[in-house]
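Record features (TrEMBL):
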- B:245-266: compositional bias 'Low complexity' (COMPBIAS)
- B:269-285: compositional bias 'Basic residues' (COMPBIAS)
- B:57-469: domain 'Major facilitator superfamily (MFS) profile' (DOMAIN)
- B:6-48: region 'Disordered' (REGION)
- B:245-285: region 'Disordered' (REGION)
- B:50-68: transmembrane segment (TRANSMEM)
- B:75-97: transmembrane segment (TRANSMEM)
- B:138-155: transmembrane segment (TRANSMEM)
- B:189-209: transmembrane segment (TRANSMEM)
- B:215-235: transmembrane segment (TRANSMEM)
- B:296-320: transmembrane segment (TRANSMEM)
- B:326-344: transmembrane segment (TRANSMEM)
- B:356-373: transmembrane segment (TRANSMEM)
- B:379-404: transmembrane segment (TRANSMEM)
- B:416-442: transmembrane segment (TRANSMEM)
- B:448-467: transmembrane segment (TRANSMEM)
Amino acid sequence: MKPVQERGGVRGGLSRRARWWALGGVAAMSIGAVGVYGVQALQDHQERTTGASAAELAASLPDGPHITFRNTASGEGYGMVSSVSLADPGGARQVSGQACDRVDVAGEYLSCLRTLRGIPTTFETQVYDYGQDLGISPVTTWPLAGIPSRTRVSDDGLVATTAFVTGHSYAADSFSTETTVKGAGDPDGRDYGNLQDFEITVDGEPLTAIDRNVWGVSFAGGDRFFATVASGGTTWLMEGDLAARTMASVATEAECPSVSPDGSRVAFKVRRDSGGDMVGGSGVHWDVAVLDLASGERTVIELERGIDDQLEWLDEDTLLYGLPREEAGWDADVFALEAEAEAEPELFIEHAWSPSVVR
Amino acid sequence: MYISLAGFRGPDHASPDQAGPDHASPDRADSAPGPDHATPHPGPRSGRTVAFRVAPTVVALGMVSLLTDVSSESVAAVLPLYVTGALGLSMVAYGFLEGLHQGVSAVVRIAAGYAADRTDRPKAIAVAGYGLSMLTRAGLLIVQGFVGIAVLVGIDRVGKGIRTAPRDAMIQEVSQPQHLARSFGVHRMLDTIGATIGPLLAFVVLLLVPEGYRVVFAVSLAAALIGVAALILFVPNVRFSRATTPTSTTTPAAPVPEAAETSPAVRPRTLRSRASRSGSPRRQRWRTLDGPLKRLLVAAGVLGLLTVGDGFIYLAIMSHGHLDPLWFPLLFVGTNGVFLLLAIPVGRIADRTSRAAVLIGGHLFLAGAYLAAAMGGSWIALGLALLMLGIFYAATDGVLAALAGQLSPQGRTATGIGAAQTVVAVTRLVASTGFGALWVLFGAVPTMVGAAVVLVLVLPLAWWLVVRR
């Protein structure tokens, strides 16, 4: 009985030597092409992060309220925390030397979520004293469990972070979020841990499902906060109490809440056609909605281009959000949107992401 | 004794002087088995020792798997970063698309196995599977949007589902039957090396080229391309059937009278000529799942229901709170390391003693890993958990394929292997979901300990199903 290979008979009619040459040729061409491609990509990246900025830069800003954000203009200062004057958001920006994926400022502190390249890639939260100079030395740093997603700082120095954690969850391919609240540089070290461990209730009933995820904290003064809780494909707007370690449902179908400056309204994103064909054709589309807490009235603002960001209140009537550019996802723009039905977004700051209003 | 499953075939095992059930060759006792030699497996307890020589085809398939795993795992490691960082999308969107693909991949496995048997061209089916995944790498370089990426990830899983069963059936076919589990061990070792290199390579690329996600995709495409080239050039057109020897006297795997009644077209394999090999059997193929293979599938299913996945074990370790989350990705590397080191030695033990016993006994280490994870966040507990989890994989992953292939009727190896892998994939998915609920209700430690206890209690049943004579 002959060995199987020969019995199979068909080996391309090539000699062993010829096969090795063929494989070597494929390998050499593939690796060579990757090398060329890699060098090109490196050059592209260098062009993007050095050289003249696509945005107008300023050495300093006039005093007064401003907006802090991540600068996504190609060239010098790409990815760095930057600021523009609130009076002239389209004007020149002051760029710092601090790179962040997400940034938020409130009270004395600036929270910066960033990615650290390495083997493996890791992530961390840095908290800075927010003074005249941007990002000098961090007050505190702690590791972030996954990819930076959302951050908010409270006026009294609490920092909320949301990270996407992959490979962490029980089903091999699913994802989970980890949302934590910690005090920034407190002597008493306030640490509320993972909000998933809070006592969560939906219409008074405890929610104990393993797949529950929490994201998008918005502080509402004192121990009060809002956040999104999701389980089994449903999302809830939750009102929480840090001291009591509880969260209770306020409404369904609401993600990434943001409390208005006067505390009367909450803006969030809502999935369009939820429960329908989310996976098929067009992917996921989120519109903006505003909930009046006193009356429970919800105003949905339908957008032509869906958003995926935690809204920021510019003032009592206007919302800000970032939108990645379609042709280049590494660049984004910040849009302003009146908080009323039928409103149309307007370009607010070009080449910017993760806006935070500093009053 | 090379295997304690000899009596396993029950009614199919027609006469004692027949060749092993999988391979019908009249000259089994005389032919000197060599590498790649499709020797029938020796009669039970033949006691004959044959020097282990790994078949070149197994090494070739192992290298193909290594390259393919480098390709797929490098992408898997950076895809979340790419979706959020370069495309500016949140992972929430990504999460909703997950889960859908799992079911598809599981079903495709058994279908591809069936197709491999049916056509008797496992290499062609495997090339289709590997090639499909390779095309998705090229697609990643072109596609911009999120939906496109989600579709590509789905197609990649289908490709993975397609290639697995035919590939394992080829390994089974070309390996020395006496050293089947060890041959699978060789393949799984190479496969796991690829799965370990992949993410590391991806992070190295990102270190060299900041935000160079597309460079990672290019590397991935190159690895896949070389892998497919190696498959086409160095893996022969393995044929399953032993029917080339006209003197073969094996009975058909399914009881003949019944077969004749239900499907006259089905002839005993021994009568099939080469020319007709790819044509004849019809629904008869599904009888593959009868007999001893069915008992293996039931046992694998029961054990699968108690296999809750690495994620939970790592999570339980982390839940003790002494470990920096930065270590999380390295836990996988630890388990992989143990798995790849032990894949061959454990396969060897399985060949020398009993594959079924090693498969069932390997689950003791899974129970041990549960207990170690429940023990606490110390380095000792962590090390023990990773070690035992690695042993568990070494004792079960390749060994299950070897057993399933061995217990499958002739010419239905790929279907049998595909069925076993489908059963395991589906039951593990069910286990994870159910386990998650218990986790919330009772907490990490009681659930882990409970799972370990139930697993140990179920092992005798599995043993009775698979190992008994």
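Using the three backbone atoms N, Cα and C, a Cβ is placed for every residue, glycine included.
With pairs at least 6 apart in sequence, the transmembrane segment (B:189-209) and the transmembrane segment (B:50-68) have 3 or more Cβ pairs within the 8 Å limit; the two touch. Two recorded stretches are said to be in contact when at least 3 C-beta pairs lie under 8 angstroms, sequence spacing 6 or more; the transmembrane segment (B:416-442) and the transmembrane segment (B:296-320) meet this definition. In the predicted structure, the domain 'Major facilitator superfamily (MFS) profile' (B:57-469) carries a mean pLDDT of 82.
The transmembrane segment (B:296-320) makes no contact with the transmembrane segment (B:215-235), as judged by fewer than three Cβ pairs under 8 Å among residues 6 or more apart in sequence. Distant neighbours of the transmembrane segment (B:215-235): 56-57, 60-61, 63-68, 70-72, 74-75, 78, 82, 123, 126-127, 130-131, 133-134, 137-138, 140-141, 170, 201-202, 205-206, 209; these residues of the same chain sit at least 6 beyond its ends, with a Cβ under 8 Å from one of its Cβ atoms.
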